[in-house]
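Residues or ranges marked as ATP binding site in Swiss-Prot (evidence: sequence analysis): 11, 12, 13, 14, 15, 16, 17, 18, 19.
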């Protein structure tokens, strides 16, 4: 199998992007790049250092002094910030509720996108996020856009939170996910939207395995 194609998986919060992308990357022996984790890592540092999330200059200054590293392991992808393992803490409710506010700043996205493109320059990657197919990797050989209802996405996030031991309330999650959709869709730079050449998959009533199998069919068609 050719090892140099780039697979972009986009979609709104809790549509199943990361879960599916990890499995696809493992099957293809590709590098998995969780762009959302990079924004979460910066958000975590900003919250820790009490940087105002609406202060774009302060955030870009913080980012330029923050080393974010994604590492593969037996347990999956690990996220490090300046040498500290933040894999689990960046999934906290506090970070989750704040990450869209950080990601909407144009200069923050510009710096992150430069880092993401550098990681993907040699191909052999599966990258997920909100704007991979439209902005980060517009020439990706395979582009997928996952979607699901707000209710279904809230249920999934609720189950994830419970599994991680985080406090969780389903009705609150529905509101938060709808709010994040609005912020992500209306932001000035690279808003959440389906690339014209992306294949859309509604995951509301599909299992993870069914979504993975559908994407693998598409990948095999493109590289066959």
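Every residue, even glycine, has its Cβ placed from backbone N, Cα and C.
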Residue 13 (ATP binding site) CB neighbourhood, other CB atoms within 10 A: 25
Protein Cβ atoms within 10 Å of residue 15 (ATP binding site), excluding its own: 26
Additional residues surrounding ATP, by Cβ distance to the 11, 12, 13, 14, 15, 16, 17, 18, 19 centre under 8 Å: 128, 146, 148, 153, 156, 203
Binding-site residues listed as 11, 19, least Cβ neighbours within 10 Å: 19
Cβ contacts of residue 17 (ATP binding site) (under 8 Å, same chain, 6 or more positions away): 9, 10, 11, 36, 128, 129, 146
DSSP-derived class (H/G/I helix, E/B strand, else coil) of residue 17 (ATP binding site): helix
Secondary structure at residue 11 (ATP binding site), reduced by DSSP to three states: coil
